[in-house]
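Colleague: Quick paste from TrEMBL:
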| type | residues | note |
| --- | --- | --- |
| ACT_SITE | Cys325 | active site, nucleophile |
| BINDING | Cys188, Ala189, Ala190, Pro191, Gly192, Ser193, Lys194, Asp219, Asp246, Asp272 | S-adenosyl-L-methionine binding site |
| COMPBIAS | 10-19 | compositional bias 'Low complexity' |
| COMPBIAS | 488-504 | compositional bias 'Basic and acidic residues' |
| DOMAIN | 70-434 | domain 'SAM-dependent MTase RsmB/NOP-type' |
| REGION | 1-41 | region 'Disordered' |
| REGION | 439-508 | region 'Disordered' |
| REGION | 713-743 | region 'Disordered' |
Amino acid sequence: MGRRSRVRRLQQQQQQQQRPGSAEDGAEDGGKRSGAGWEGGYPEIVKENKLFEHYYQELKIVPEGEWDQFMDALREPLPATLRITGYKSHAKEILHCLKNKYFKELEDLEVDGQKVEVPQPLSWYPEELAWHTNLSRKILRKSPQLEKFHQFLVSETESGNISRQEAVSMIPPLLLNAHPHHKILDMCAAPGSKTTQLIEMLHADMSVPFPEGFVIANDVDNKRCYLLVHQAKRLGSPCIMVVNHDASCIPRLQVDVNGKKEALFYDRILCDVPCSGDGTMRKNIDVWKKWSTLNSLQLHGLQLRIATRGAEQLVEGGRMVYSTCSLNPIEDEAVIASLLEKSEGALELADVSSELPGLKWMPGLTQWKVMTKDGQWFATWDDVPHSRHTQIRPTMFPPKDPEKSQAMHLERCLRILPHHQNTGGFFVAVLVKKSSMPWNKRPPKLQGESAEPRGPVQPGPADPMGKSVSHPLELESKPAAGISDTEATERAENLENNGNKKDGVCGPPPSKKMKLFGFKEDPFVFIPEDDPLFPPIQKFYALGPSFPKMNLLTRTVEGKRRQLYMVSKELRNVLLNNSERVKVINTGVKVWCRNNSGEEFDCAFRLAQEGIYTLYPFINSRIIIVSMEDVKILLTQENPFFRKLSSEAYSQVKDMAKGSVVLKYEPDPAKPDTLQCPIVLCGWRGKASIRTFVPKNERLHYLRMMGLEVSAEKKKERGVPTSASAASPGAPEDQLAAEQGAG
């Protein structure tokens with residue numbers, strides 16, 4: 001390694017000598033390229049694209065007289081935005097901490113000659129839970145003056161209390177207007193910032209550990225699904241399932257309703273489709289160089305198929321949000337117009353103009369033209385020569401009939417332009433389903449089962465025309481875009497094979513039916529009701545009779561079960577009835593981990609911090625009420641002796657048997673200066689000492705909320721455990737043995 005680093009240093013020195021400007025010159029220039037036109041070995045991308053300007057000027061997407069402002073905004077880097085996780089009870093505490101500490105420190109600060117503006121709340125986001133600043137992400141990462149603020153953002157993001165999300169990306173979940181009882185499908189979910197917003201909406205009431213609704217988050221890319229899992233895990237929800245399918249033909253799932261299998265229709269669907277991304281030029285500067293209309297022409301068909309598949313799976317009365325980070329009407333209004341036309345009145349655009357007061361947007365276009373990559377324009381489908389018919393399709397043009405076009409109300413779509421509120425470019429449309437799609441109205445009866453459908457999940461009158469939702473395994477009389485005969489056959493085969501699988505085992509789909517790419521997932525196995533594993537756990541933690549033990553699952557069919565997970569009863573229903581047709585990547589929240597020497601402590605399983613908020617309402621034993629000072633001691637010292645705790649905590653812990661414990665802090669309303677949100681921590685009661693099992697970033701979060709800032713140096717001095725093993729639920733046996741015998 002020594003030789004390599006010497007060579008690297010020598011190369012850097014040579015490069016430095018070759019540059020005309022010194023390092024200081026570069027810094028004064030605000031980090032712009034030096035005279036040689038190179039920075040870090042890469043040529044700077046010129047933010048110019050004549051075809052882009054010609055195209056959008058011709059389409060008149062920007063109001064008269066604002067074109068220069070629009071282009072100037074696109075050339076500026078995107079400001080950093082953050083969102084405070086709304087469902088956690090300590091969102092108010094984080095907001096208080098941000099406003100009174102970190103934002104105050106940014107006042108009168110200058111970075112690279114640029115005055116730092118104090119972050120401002122996004123005017124249209126509820127309860128001041130989203131903020132934006134004039135700092136770009138690059139400056140945040142690189143500036144020493146902002147190191148503390150950056151560390152805070154990274155740490156809080158890891159522990160799930162803050163999401164660093166682009167402002168416009170927060171709009172679709174807000175317009176979806178999801179409630180805790182809604183069944184939600186996120187069709188193209190990765191990387192997962194919108195999915196986390198939806199999970200927060202399910203958990204709007206923190207006192208309800210298992211909301212009736214759930215989120216099924218899908219992505220076609222297997223690797224990106226794991227990114228999605230990581231994002232969702234930060235929130236520790238039992239109501240999320242990550243699946244891996246092509247959204248344009250995502251399987252129709254079924255659920256058990258009073259012993260009958262019925263189609264699962266979703267109350268809310270988020271359809272944030274793959275797009276050319278020309279609204280993201282401020283952060284993805286590659287788009288300047290690569291932009292052409294060809295991207296939009298190639299993606300239009302896929303976008304329409306995904307939107308159609310979403311509309312089919314929406315319940316009557318349900319709401320679907322279609323969004324793209326593209327400004328191009330071929331990917332935006334053309335898809336919506338085509339979907340409305342083929343729905344024959346089953347779908348309509350909702351007027352959401354008053355739902356986000358403070359948000360500036362442009363109404364959707366009602367007229368547009370199609371341009372090829374070499375600049376040739378076509379106003380109607382009739383103008384397109386036969387040789388272009390594979391590249392340009394009739395669905396890309398606005399409706400011919402003016403009356404039909406007017407009835408669609410395309411002006412109800414929202415287009416967000418970058419210069420209006422210093423954001424990225426975005427498009428969003430909200431669709432409401434009035435009746436079944438035309439090709440779903442006459443399902444054939446399946447043997448021995450009534451074809452009578454289940455009504456909408458939302459309370460409401462049944463459709464007077466009898467045009468209700470169809471059977472899950474329907475063979476559509478008129479095939480829709482994205483649905484093939486093979487899928488219909490597969491559905492019928494799945495019905496026949498349903499009786500052949502083991503009870504409670506939800507494995508990945510067999511390879512004959514569906515090709516598996518990426519990792520082969522372990523099965524999901526529900527714990528049987530009479531399993532001897534559960535009674536010792538129930539007794540040790542004195543779980544109440546209402547504890548839903550049927551919802552406990554593990555990932556092993558045979559051998560020792562090391563982790564126990566928990567899902568909501570609605571997701572259990574989905575898992576058990578669809579193991580043959582859906583590839584599940586991950587679901588549930590971890591609640592218990594096997595502790596290898598735990599048998600001697602009456603229970604082989606200890607509590608896991610990530611699922612403690614789900615589990616806590618059911619636990620009636622091994623709870624220690626602690627003060628704020630106790631929490632500070634527990635989080636800053638490795639294995640504090642009982643004597644270090646307050647007398648109240650000491651009296652509770654001294655006669656308790658060894659093993660896993662719950663440490664609960666209750667805020668005191670009479671002391672408004674102290675932390676005003678409850679904290680629940682997992683711990684271990686050893687021989688004479690006690691310790692917490694809390695991930696590093698979560699520790700730092702709680703300490704910050706109590707007014708303690710622990711920097712990297714202080715961590716070592718105070719003995720805050722920074723190793724992953726201290727946080728990890730699956731800690732090695734020898735470490736656990738040391739903890740259990742501590743003191």
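Glycine is treated like the rest: Cβ placed from N, Cα and C.
Heads up, TrEMBL stuff is auto-annotated, nobody curated it.
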Colleague: C-alpha of Gly192 (S-adenosyl-L-methionine binding site) to C-alpha of Cys325 (active site, nucleophile): distance in Å?
Modeller: 15
Colleague: Between the Cα atoms of Ala190 (S-adenosyl-L-methionine binding site) and Cys325 (active site, nucleophile), find the distance and write it as a whole number of Å.
Modeller: 14
Colleague: Express the predicted model's confidence over the domain 'SAM-dependent MTase RsmB/NOP-type' (70-434) as a mean pLDDT, rounded to an integer.
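Modeller: That region's mean pLDDT is 91.
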Colleague: Would you mind listing, in sequence order, the residues at least six apart from Cys325 (active site, nucleophile) in the same chain with a Cβ closer than 8 Å to its Cβ?
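Modeller: Non-local contacts for Cys325 (active site, nucleophile): Val168, Ser169, Cys275, Gly277, Gly279, Thr280, Gly424, Gly425, Phe426, Phe427.
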Colleague: What is the maximum Cα to Cα distance, in Å and rounded to a whole number, among the residues Cys188, Ala189, Ala190, Pro191, Gly192, Ser193, Lys194, Asp219, Asp246, Asp272 annotated as binding S-adenosyl-L-methionine?
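Modeller: Spelled out: the longest distance between any two Cα atoms in Cys188, Ala189, Ala190, Pro191, Gly192, Ser193, Lys194, Asp219, Asp246, Asp272 is 20 Å.
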Colleague: So how many other Cβ atoms are close to Gly192 (S-adenosyl-L-methionine binding site), meaning within 10 Å of its Cβ?
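Modeller: Looking across every protein chain shown, the total is 27.
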Colleague: Near the Cβ of Ala190 (S-adenosyl-L-methionine binding site), how many other Cβ atoms are there if near means within 10 Å?
Modeller: 23
Colleague: State which of the following binding-site residues has the fewest other Cβ atoms within 10 Å around its Cβ: Cys188, Lys194, Asp246.
Modeller: Asp246
